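Q: Pasting the feature list from TrEMBL:
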| type | residues | note |
| --- | --- | --- |
| ACT_SITE | Ser68 | active site, phosphoserine intermediate |
| BINDING | Ser68, Asp282, Asp284, Asp286 | Mg(2+) binding site |
| BINDING | Glu376, Ala377, Asn378, Arg496, Pro497, Ser498, Gly499, Thr500, Arg505 | substrate binding site |
| COMPBIAS | 8-20 | compositional bias 'Basic and acidic residues' |
| DOMAIN | 60-97 | domain 'Alpha-D-phosphohexomutase alpha/beta/alpha' |
| DOMAIN | 123-178 | domain 'Alpha-D-phosphohexomutase alpha/beta/alpha' |
| DOMAIN | 196-288 | domain 'Phosphoacetylglucosamine mutase AMG1' |
| DOMAIN | 303-434 | domain 'Phosphoacetylglucosamine mutase AMG1' |
| DOMAIN | 452-523 | domain 'Alpha-D-phosphohexomutase C-terminal' |
| REGION | 1-20 | region 'Disordered' |
Amino acid sequence: MTMLPVKDLQERSDRHPKPSDIKFQYGTAGFRTLGKTLDSVLFRVGVLAALRSKKLDGKTIGVMVTASHNPEPDNGVKLVDPRGEMLESSWEAHATALANAPNSVAFVAAVDELVKATKIDLSIPARVVYARDTRPTGPQLIAALKDGLEAIKAEYRDAGVTTTPVLHYLVRTINTKGTKDSYGKDTEEGYLTKLSDAFKKLLAGKPTPPPLLIDCANGVGALMAERFKGYLGDIFNINLVNADLHTPGALNNSCGADFVKVNQKLPPSITLQPGQRACSLDGDADRLMYYYADERGQFHMLDGDKITTLVASYIVELVKASGLDEQIKVGVIQTAYANGSSTKYLSERLPVKCVPTGVKHLHHAAEQYDVGVYFEANGHGTVLFSPAAQELISSHKPSTALTNLKNIIDVINQTVGDALSDAFLVEAILAQKSFSGVEWDSLYCDLPNRLVKVVVSDRNAFKTEDAERRLVSPPSLQAKVDELVRKYEGGRSFVRPSGTEDVVRVYAEAATRAEADELAFSVAGLVYDEAGGDPSQRPKEFL
Ligand SMILES: CC(=O)N[C@H]1[C@@H](OP(=O)(O)O)O[C@H](CO)[C@@H](O)[C@@H]1O
Ligand SMILES: [Mg+2]
C-alpha cells in the first residue's frame, strides 16, 4: 500500500509556515486575500490538488493563481475540476481545513484524515496543470505551489502566465484528449485557433466591423488579446487600451470590467466617439462589460444581462431556423442582481431561473437545459450545450442556420466565463444581425439600480432564502425592507451577505435614478442600524 510521504511533506511544509493570525477560507472565489500572506496556502493547495486528482483516478486538476478584479496586492487561488468546472463544493471544506492547520504536524495529520475520509488510493498518480495572472506576487506563490506538488510527487504542467478561462480550457482538453468528447487541442495555440477560426467563419461575408476597443484592465487579458491579433488576420481589428503590464499598481486601477459595472461609467482613460462600441475585461479576463457612446456621446452600459438577452435570443433564432426547436430548449439562468427589466423581457420569451450568486450555481443550473445561457449582471458567464443537443446539432441536416449554430458553439468557451470568447460571440451576433450598440441596447431598457456595501460586525448573522432574494435572519428585518420597497412604484431591493468580502450587500432598483438611490440608501441605513452599527461611523449617504 502506498503511504503518504510524511517526512517530505512535513519538512517542506515547515518552509511554508502558516501565519498564526489569519483564518483562511475557500469561498466563492477560492482563497483570496493579500498575496504576500498566501505562501502556506499555495503549498497546501499543491498537495490538495494532487489528492483531488488521485481521488478522480488521476484526471488532471487545474490550479489558477489570480485575484481577478481585486487590487494588485491581492492574490488568490482556485482549483478547477476535470471538465473545466469549479471545484466540487464538498471539497471547499477540505481546502479550508488543510489551509488552517496551525503547523506542519497538524497539516500532515489533516492530509492523512482527508485521505482516509475520502478513501483516496495514494498509489494512483496525480496530475495537475497550473497557471497564474500577472500579479507581482504570482511567481513566489507558484514556487510554493510547486513545492507542494513535489512534496506529494504529483506530475505537473506549467501553463505559464495566462487567463483563467484558458486554464479551464486546458483542463478540459487535457482530460478529454483522444476521446469522443475531445474539446480541442490541449494547448494555448489550440484555444486561440479554435475560437478564432469559428469567429472568422461567423464574420465571413459580413462587412468588416469597426475596430473594437478592448480595455484590458492592465492585466493578463492584454497578453491573450495581443496573441489573438495574430489569429484574426484582417477580418477583425482590436485596439487594446489599459494593456500596461509594467507600471506597478496599474492592474484593475480605475479600469476594467468591475470598475465600469460598479461606477456605471467609462474608465477615465477611455474616450469614445459617438456611436463607438468598446468593452472591458477584468484582471483575469473571465468577465466582460460592453458599452457604447450614443450619437450625443453619452455612455451606455451593456452588462451581463444585455449579453444574455442578445445571445439567448440569437441562439433561439438559430435553433428555430434549423428546425430543431421541438428538440432543443433554450433556458436562461440569472441571479437576483439581474436587472428586473431583463428578467421581464426574457421571461416573456424563455424559461428563466434565478439562483444564488456565484458562477458555480449558475453553471449547475445551466446544465439542466439543452442550451443554458447564463451571465451574472457583472459580466461573468457563458453558454452550455448539453451533449445530446450537440449531437443533434452535429447530425442534423445542413443549413446556414445550422452552420452558424455550430460555429457559435466553437466560439464559446463552455468551461467557464471567458471575456475574449464572449466578446467574439457578441461581435459575431452583432455582425450577423447587422446590429449596432443602439439596436442591441434597445431590446429592453434597464431599470436604474444601485448596489451599496454595508460594513457590519457579523455578516454571518444574515441568512437568506428564495435564491437570496429574501432575508430570514436577522428576524423581522425582511418585513422592514418590504415596507421601504412598497413606497416605490416598481421598486425592488434585497439584502445578502457577500461571499467574497466582509460586507453585506444591498441592491435596489426603481423607476428613476433618484428613487433607486433613495431606496438603496434607506435599506442600507436600516441594515446598518439593525446590525448594531456604530452611529458615529454611519456613512453619511445612508438614509
Ligand atoms: C454583486 C456581485 O457582483 N457579486 C460578485 C461577488 O460575489 P459576492 O458574494 O457578492 O461578494 O464575487 C463573486 C465572485 O467573483 C461573483 O460571482 C459575484 O457576482
Ligand atoms: Mg475574474
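Including glycine, each Cβ sits where the backbone N, Cα and C put it.
Since the structure is predicted, the reported quantities are computational estimates derived from the model, not experimental observations.
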Q: Going by DSSP, is Asp282 (Mg(2+) binding site) part of a helix, a strand, or coil?
A: coil
Q: Based on DSSP, tally up the residues of the domain 'Alpha-D-phosphohexomutase alpha/beta/alpha' (60-97) by helix, strand and coil.
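A: Split into helix, strand and coil, the domain 'Alpha-D-phosphohexomutase alpha/beta/alpha' (60-97) gives 8 helix, 14 strand, 16 coil.
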Q: What residues in the same chain, six or more past the boundaries of the domain 'Alpha-D-phosphohexomutase alpha/beta/alpha' (60-97), come closer than 8 Å to it by Cβ-Cβ distance?
A: 24-27, 29-36, 38, 41-42, 45-46, 48-50, 52-53, 110, 114, 118, 126-133, 135-138, 141-142, 145, 157, 164, 167-172, 174-176, 183, 217, 220, 248-253, 256-258, 282-284, 286-287, 359-360, 363, 414-416
Q: For Arg505 (substrate binding site), what is the tally of other C-beta atoms lying within 10 angstroms of its C-beta?
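A: Around the Cβ of Arg505 (substrate binding site), 22 other Cβ atoms lie within 10 Å.
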Q: Counting by DSSP secondary structure, give me helix, strand and coil numbers for the domain 'Alpha-D-phosphohexomutase C-terminal' (452-523).
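A: Secondary-structure breakdown of the domain 'Alpha-D-phosphohexomutase C-terminal' (452-523): 23 helix, 22 strand, 27 coil.
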Q: Using C-alpha atoms only, work out the spacing between Ser68 (active site, phosphoserine intermediate) and Asp284 (Mg(2+) binding site) and round it to an integer in Å.
A: 5
Q: Mind computing the max CA-CA distance among Glu376, Ala377, Asn378, Arg496, Pro497, Ser498, Gly499, Thr500, Arg505, which the record assigns to substrate binding, rounded to whole Å?
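A: Across Glu376, Ala377, Asn378, Arg496, Pro497, Ser498, Gly499, Thr500, Arg505, the widest Cα separation comes out at 17 Å.
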Q: For a quick check of packing: other C-beta atoms within 10 Å of the C-beta of Pro497 (substrate binding site), how many?
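A: So the Cβ neighbour count for Pro497 (substrate binding site) comes to 20.
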Q: In this structure, which of the binding-site residues Asp282, Asp284, Asp286, Glu376 has the fewest other Cβ atoms within 10 Å of its Cβ?
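A: So among Asp282, Asp284, Asp286, Glu376, the binding-site residues given, the one with the fewest Cβ atoms within 10 Å is Glu376.
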Q: Within 8 Å of the Cβ centre of Ser68, Asp282, Asp284, Asp286, which other residues of the chain have their Cβ, at the recorded Mg(2+) site?
A: Thr66, His69, Asp133, Thr163, Thr164, Gly219, Ala257, Leu281, Gly283, Ala285, Arg287, His380, Ala419
Q: Could you check what DSSP calls Glu376 (substrate binding site) once collapsed to helix, strand or coil?
A: coil
Q: Tell me, roughly as an integer, the mean pLDDT over the domain 'Alpha-D-phosphohexomutase alpha/beta/alpha' (60-97).
A: 97
